[in-house]
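Straight from TrEMBL, the features:
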- His34, Ser51, Tyr122, Val123, Asn124, Ser139, His209, Pro210, Glu211, Thr237: iminosuccinate binding site (BINDING)
- Cys96, Cys183, Cys282: [4Fe-4S] cluster binding site (BINDING)
Amino acid sequence: MATVTAPMDTRARQEWAEEVRRLARERDAVILAHNYQRPEIQDIADHTGDSLALSRLAAGVEASTIVFCGVHFMAETAKILSPEKTILLPEPEAGCSLADTITADDVRKWRAEHPEAVVVAYVNTTAAVKAETDICCTSSNAADVIRSVPEDREILFLPDQFLGAHVKRVTGRDNIHVWMGECHVHAGIDGHTLRRRVEAEPDAELYVHPECGCATSALYLAASGAVPQERVKVLSTGGMLSAAEKTTAGKVLIATETGMLHQLRAANPTTVFEPVNSRAECHYMKMITAEKLLAALRHGTTEITVPEDIAARARLSVERMVAIGSPSRGGE
Ligand code: SF4
């Protein structure tokens with residue numbers, strides 16, 4: 001078996017892929033990969049998708065073990081929804097700067113200041129934070145979740161300030177308090193960069209994926225008119241792939257984490273897909289390497305657990321979201 005340090009040549013990659021598949025069968029494991037994973041991880045996975053779509057898949061698959069190639073809060077969400085399954089995260093340090101902007105204690109203190117408020121949380125939060133909230137949301141169903149709350153109830157929205165500003169605008173409500181968290185990848189897709197790229201490429205389409213935190217600033221800018229609406233398509237992962245297959249545009253600019261380009265380029269080799277900012281890369285997502293996936297399958301590492309009391313409360317918040325709208329509409 002060849003050592004699998006990048007880059008692998010074709011033979012080494014084939015050997016690695018065979019070993020991964022063999023170990024996955026042996027362990028009765030299914031491999032799920034987020035869209036922002038490294039290309040080789042996406043290619044070997046049984047399914048790719050956004051965080052919630054993958055969590056729902058995790059709940060539905062028959063395999064007893066899920067190897068979740070994504071970040072920590074995603075593996076936790078899979079565990080919350082599939083408590084009977086073993087969830088492995090190949091790199092336990094794969095975190096999320098957005099989820100890290102708020103703790104369970106912060107939520108308790110905030111709620112104490114607004115005792116009548118309903119707490120709405122974006123899915124990019126830890127299980128402990130979800131357990132302190134009333135309803136979860138994705139960026140695509142956030143407005144529906146907000147509308148499900150009676151008009152006269154205050155809302156505490158966390159942790160993404162861009163998504164919070166977006167839902168405030170589209171719902172027209174002024175009784176929403178927004179936590180000022182943001183994802184570090186936002187910095188690469190700021191208004192100046194987005195406008196400059198769109199102006200420099202007058203014939204290019206612009207796809208904005210709303211799911212991960214890195215795209216919410218682009219979503220905000222598009223909705224605020226900072227870039228021309230007719231040029232912007234806010235699309236789910238599946239919608240982005242369908243649009244990529246059909247488009248006749250010579251070039252499409254992609255305002256999201258750069259990992260998404262791998263699937264788009266494979267879907268349509270004749271159109272040029274370029275990132276709005278090539279540095280908009282989540283280093284947490286890229287912590288999962290070919291070697292770490294192999295080690296996870298060999299050694300059963302690292303198992304993600306969520307204490308049952310936290311999981312039970314967090315599950316309520318996630319299930320309310322599922323009951324309100326189509327949570328994976330923005331991702332599949
Ligand atoms: S891109 Fe941002 S929001 Fe998404 S996992 Fe990475 S740090 Fe978190």
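Glycine is no exception: its Cβ is also placed from the backbone N, Cα and C atoms.
Locations of recorded TrEMBL features on the structure.
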| residue | record | DSSP class |
| --- | --- | --- |
| His34 | iminosuccinate binding site | strand |
| Cys96 | [4Fe-4S] cluster binding site | coil |
| Tyr122 | iminosuccinate binding site | strand |
| Cys183 | [4Fe-4S] cluster binding site | coil |
| His209 | iminosuccinate binding site | coil |
| Cys282 | [4Fe-4S] cluster binding site | coil |
Candidates near ligand 1 among the binding-site residues His34, Cys96, Tyr122, Cys183, His209, judged by a Cβ under 6 angstroms: Cys96, Cys183
Nearest of the binding-site residues (His34, Tyr122, Asn124, His209) to Cys183 ([4Fe-4S] cluster binding site) - Cα to Cα: Asn124
Rounded inter-Cα distance in Å - His209 (iminosuccinate binding site), Cys96 ([4Fe-4S] cluster binding site): 18
Of the binding-site residues listed as His34, Tyr122, Asn124, the one whose CA lies nearest the CA of Cys96 ([4Fe-4S] cluster binding site): Asn124
Cys282 ([4Fe-4S] cluster binding site) and Asn124 (iminosuccinate binding site), Cα-Cα, nearest whole angstrom: 14
Those residues of the chain, 6+ apart, with a Cβ under 8 Å from that of His34 (iminosuccinate binding site): Thr48, Gly49, Asp50, Ser51, Leu54, Cys69, Gly70, Val71, Met74, Gly259, Met285
Rounded distance in angstrom between the Cα atoms of Tyr122 (iminosuccinate binding site) and Cys282 ([4Fe-4S] cluster binding site): 18
Cys183 ([4Fe-4S] cluster binding site): tally of other CB atoms within 10 A of its CB: 27
